[in-house]
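Peer 1: What TrEMBL shows for this protein is this:
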{"type": "BINDING", "residues": "A:41-43, A:47-53, A:Thr265, A:294-295, A:302-304", "note": "ATP binding site"}
{"type": "BINDING", "residues": "A:Asp73, A:Tyr246", "note": "L-glutamine binding site"}
{"type": "REGION", "residues": "A:106-126", "note": "region 'Disordered'"}
{"type": "MOTIF", "residues": "A:40-50", "note": "motif ''HIGH' region'"}
{"type": "MOTIF", "residues": "A:301-305", "note": "motif ''KMSKS' region'"}
Amino acid sequence: MSDAPTGNEKSAPRNFIQQIIDADRAAGKNGGRVHTRFPPEPNGYLHIGHAKSICLNFGLAKEYGGKFNLRFDDTNPAKEEQEYVDSIVDDVNWLIAGFGETEGFRVQGSENSSPAPRTPNAEPSLLNPEPFFASDYFDQLYAWATQLIKGGKAYVCDLTAEQMREYRGTLTAPGKDSPNRNRTIAENLELFAQMRDGKFADGSRTLRAKIDMASPNVNMRDPVLYRIKRAHHHRTGDKWCIYPSYDYTHGQSDSIEGITHSICTLEFENHRPLYDWFCRELGIHHPQQIEFARLNLTYAVMSKRKLLQLVQEKHVAGWDDPRMLTIRGLRRRGYTPEAMRAFCERIGVAKFNSTIDMAWLEDAIREDLNERAPRGMGVLRPLKVVLANLKEGETIELDAPNHPQQPEMGSRKIPLTREIFIEQEDFMEDAPKKFFRLKPAGEVRLRCAGIIKCDEVVKDAAGKVTELRCTFDPDHSRKVKGTIHWVSAPLALTAEVRLYDHLFGVENPDNAPEGKTFLDNLNPNSLEVVTDAKLEPSLKDASAGTSFQFERSGYFFVDPLDSKPGRPVFNRTATLRDSWTKESGRD
RNA sequence: UACCCCGUAGUGUAAUGGUAACACUAGGGAUUUUGAUUCCCUCAUUCUAGGUUCGAAUCCUAGCGGGGUAGCCA
């Protein structure tokens, strides 16, 4: 069943792409079909900007009861690797699970497992489970190039890269024709075949479209269709020494797959006339290219080059560092695909070049995890408290709900003992009026336990508070202003907890002063490792890859890589909203 | 300096010729055994100037501002 709008219900806001598709369907274009795709180059890991594109394309296909392809635009063997193909498939599958998709795409074998020939558009379901590869179309692309040559629309050019740059002209000055522009069709055919057969050196010749060297759009000044490049391709191996360019490959790949709406980012706007030119000259199915603004976020950088630099120069631990806005990083941070989808829907899609506030991302994961994460208690910076009226060695079993708003999530036992830990910041000796936590002679509620009164403050020689002596009152009925979390000292689980903050300390890291780079804007406090956090004992069995809310603290994810059975390691996904820190920060 | 695209609360996105809506942030308040959650309230001369129209965020013109484009990268 499709979620396509019926027109009866009050229509939700439609973005400009949905409006285009609505109009196309109303006009009967493509027989009402909607077929989108996500076309990454396998030369790096996916990041949150790609997530926006995936959610958009996949969401559209799902909404309209259409189809969605994953296709690798692998036309530059020098940069592409199988490792990236595998990680991209994995990340895409993870993401579309947020749409309720359980099947996903199959991980592809490398070049050794020669794929069976197939018809790209044959699968009846929402997604074609085998990812597509532009490299699978190399033979067809070659044939089409020959066709263009025969039609006098393409020629072999002998200009070097530098010469070609000179001939291209500038943004304001027209280019001039290549001396080879008027070769005969027969000669072009022969030379192109020789290019393919490895008769020429790398870079010595190209196949170019014959369009218009004086076009105000530089992309139309006889763009390169094929270049000679002897490189091992991750799929086609050494079969080819000429490779098609992006412009020559992308639209035709869309066409072969029966794509109806080819959605890409704004920088390809100037390429659209070329996209259209190829489909028209070749007389093939003509998808519509639509451009939207890529995602920008505050406190983040998004370019592949910069992300790569962060990894290579070890400013982060790797592509999956939880501070990275790569899909892998977000996954390890504890983000859920549902939250990612909600985020992508909320930010919308338009042509305006915008920057989304990072708070929106945090809000999306909080909203999701608030619903589903079971609660627990964890003390990050422990302060010992002795409950003087409790017996030594006595353990009181208390019942704690796993979710205050959802009783169906059940409850767990937490032990109370004479010695407990509370958070250092939950005690203040000289507390301001609005400080609702523990202070000398003051009272505070221990979550799910009872009320304690602070009788004595113990300090070391340096005057640092080392211990509190309190009286415990199990009576729950009294009203006290503050409630704090706590953990049994002797029974606590000591665990490593990693506290993450924005990777960059400023809203726009790229806005670096003269002589500085975005790296100078790194936040030195983006990672704090707490090696001896004290957690309630039930967390000992927390399974890897699950999320918890440590009450009053934040959402934490059991790290899938570093956790061992019985020894979980927690990554903080997000803090809870905290109006006290704001309040106390004021003068 | 050429061409293309874009300008609506602090940030985003709606309203598609009928008098600016929703979300996040921020600031107030209520509830609360998480200072969480939840719930209320507050925050805009739609970049500017002309024009078309009974009526313009929407259409036209000019200006201003922002972004993109000169790889044999994608």
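Here the Cβ of each residue, glycine as well, is placed from N, Cα and C on the backbone.
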Peer 1: Can you tell me how far the Cα of A:Tyr246 (L-glutamine binding site) sits from the Cα of A:Glu41 (ATP binding site), in Å?
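Peer 2: Cα to Cα, A:Tyr246 (L-glutamine binding site) and A:Glu41 (ATP binding site) are separated by 10 Å.
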Peer 1: Once the chains shown are all counted, how many other Cβ atoms turn up within 10 Å of the Cβ of A:Ile48 (ATP binding site)?
Peer 2: 22
Peer 1: Taking every protein chain in this structure into account, which of the binding-site residues A:Glu41, A:Asp73 has the most other Cβ atoms within 10 Å of its Cβ?
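Peer 2: Sorting the candidates by Cβ neighbours within 10 Å, the top entry is A:Asp73.
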Peer 1: Kindly report the helix/strand/coil residue split of the motif ''HIGH' region' (A:40-50) according to DSSP, in that order.
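Peer 2: Helix/strand/coil tally for the motif ''HIGH' region' (A:40-50): 3 helix, 1 strand, 7 coil.
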Peer 1: Run through the Cβ atoms and count how many others sit within 10 Å of the one on A:Asn43 (ATP binding site).
Peer 2: 17
Peer 1: Once the chains shown are all counted, how many other Cβ atoms turn up within 10 Å of the Cβ of A:Tyr246 (L-glutamine binding site)?
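Peer 2: Result for A:Tyr246 (L-glutamine binding site): 17 other Cβ atoms within 10 Å.
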Peer 1: A:Lys52 (ATP binding site) to A:Asp73 (L-glutamine binding site): how many Å between their Cα atoms?
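Peer 2: Cα of A:Lys52 (ATP binding site) to Cα of A:Asp73 (L-glutamine binding site) measures 18 Å after rounding.
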Peer 1: Just to be sure I understand the packing, how many Cβ atoms besides its own are within 10 Å of the Cβ of A:His50 (ATP binding site)?
Peer 2: 23
Peer 1: Whole-number Å distance between the CA of A:Thr265 (ATP binding site) and the CA of A:Asp73 (L-glutamine binding site)?
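Peer 2: Taking the Cα atoms only, A:Thr265 (ATP binding site) lies 15 Å from A:Asp73 (L-glutamine binding site).
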Peer 1: Count the Cβ atoms, other than its own, that fall within 10 Å of the Cβ of A:Ser303 (ATP binding site), considering every protein chain shown.
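Peer 2: So the Cβ neighbour count for A:Ser303 (ATP binding site) comes to 13.
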Peer 1: Which three-state DSSP class does A:Tyr246 (L-glutamine binding site) fall into?
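Peer 2: Looking at the DSSP assignment, A:Tyr246 (L-glutamine binding site) belongs to a helix.
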Peer 1: For the motif ''KMSKS' region' (A:301-305), DSSP counts of helix, strand and coil?
Peer 2: 2 helix, 0 strand, 3 coil
Peer 1: Least buried of the binding-site residues A:Lys52, A:Thr265, going by other Cβ atoms within 10 Å?
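Peer 2: With the binding-site residues A:Lys52, A:Thr265, fewest surrounding Cβ atoms within 10 Å: A:Thr265.
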Peer 1: Under 8 Å Cβ to Cβ from A:Leu295 (ATP binding site), same chain, six or more residues apart: give me those in sequence order, or none if nothing qualifies.
Peer 2: A:Ile48, A:Gly49, A:Lys52, A:Met302, A:Ile347, A:Ile356
